[in-house]
Structure formats: structure tokens, C-alpha cells
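Q: This is the structure I want to talk about, given as C-alpha cells.
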């Protein structure tokens, strides 16, 4: 079964594009990845620090932000939000997505918890977010490969 993973954060310039780039970098067969934001401006690049901390891991992030739309929801098999607030907003706007929408932490480890927004912080805060995401994306990749 192909997986179409949609990562969602606020502005689609930090957390969700980092998560998407980390998962795409694994080049898992049968896994497609997109990202969007609940309050995103269309067409912005990923933040400078987000691109820098990905580059430290050898990952180039060619990304343009996108506002979350019905087409994203219809495309996705799994909608993975960065926070419970994002998850609640997604389900409120798109009730049909309820059964496929989770926080990333909930989906990979069954625990509640948000991924802190590094927006506007120093590069160390972005590194911490990247490292947390990297651990979660490793678990996500294992889960997807096990379920295929």
C-alpha cells in the first residue's frame, strides 16, 4: 500500500518542511511526502535556519510553503501534525480527515506531546527541533516499512 504522508505545522517554513525533507531523504519505496501549514503564506522558502540545519545533515531543502487545503487532505493517507493544536484545527476544518490525522508523536510512539516551534529562535533551537524530528522520522520510517 502506498503511503502519502502530509506533515502540517503553522507557517510551513520550519517544522513540517524539515520533517518532510528528513523523510524524503530516506527514499522509502512507496512513500510520498508533502507538507503544508494551517496559517501559511503561499510560496515562501523554508526558513534560513531550517535550511542550514538540514544542510548540516547533507539534506538540501527545495521547498515552497503551502496553505493547507482540501486537496492536501484528499491526497494524504496520513496527516501528521506537529502539535495537538494543529491536529485539532485540521479536524475542525476537515472533519473527514479525523481518522487519518495524528500528531507525529502520537502516530510513531503513542504518546502525546508537541514539537516546539523554532521560528525566530537562534540556530541552536532549530538544531534541537531537527534532532527531535530526526528521531521521530526514524521511528516513522521503521513503522511504515513494517506495515508495508
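Keep in mind that glycine also has a Cβ here, set from the backbone N, Cα and C atoms.
Annotated active site, nucleophile per Swiss-Prot: 9, in sequence order. Taken from Swiss-Prot, the feature substrate binding site covers 10, 11, 12, 13, 14, 15, and the record attributes it to similarity to another entry. As annotated by Swiss-Prot, site 'Important for substrate discrimination' applies to 13. What Swiss-Prot lists as active site is 15, and the listing cites similarity to another entry. Per Swiss-Prot, active site, proton donor is recorded for 117, and the stated evidence type is similarity to another entry.
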Q: State which of the following binding-site residues has the fewest other Cβ atoms within 10 Å around its Cβ: 10, 12, 13.
A: 10
Q: I want the residues beyond 10, 11, 12, 13, 14, 15 whose C-beta is within 8 angstroms of the mean position of the substrate site's C-beta atoms, in chain order.
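A: Counting only non-site residues, the set is 9, 16, 17, 37, 40, 47, 65, 117, 119.
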Q: Among all the protein chains here, how many other CB atoms are within 10 A of the CB of the residue listed as 'active site, nucleophile'?
A: 28
Q: If you measure residue 14 (substrate binding site) to the residue listed as 'active site, proton donor' at Cα, how many Å is it?
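A: Rounded to the nearest whole number, the Cα-Cα distance is 8 Å.
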Q: Under 8 Å Cβ-Cβ from residue 11 (substrate binding site), six or more apart in the same chain: what's there?
A: 37, 39, 40, 41, 44, 65, 119
Q: So what sits near residue 15 (substrate binding site) in its own chain, CB-to-CB under 8 Å and at least six residues off in sequence?
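A: Correct list: 7, 9, 82, 115, 117, 118, 129, 133.
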Q: Within 10 Å of the Cβ of residue 14 (substrate binding site), how many other Cβ atoms can be counted across all chains shown?
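A: 28, counting other Cβ atoms within 10 Å of residue 14 (substrate binding site).
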Q: Please classify the secondary structure at residue 15 (substrate binding site) using three-state DSSP.
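A: In the DSSP reduction, residue 15 (substrate binding site) maps to helix.
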Q: Provide the three-state secondary structure of residue 10 (substrate binding site) computed with DSSP.
A: coil
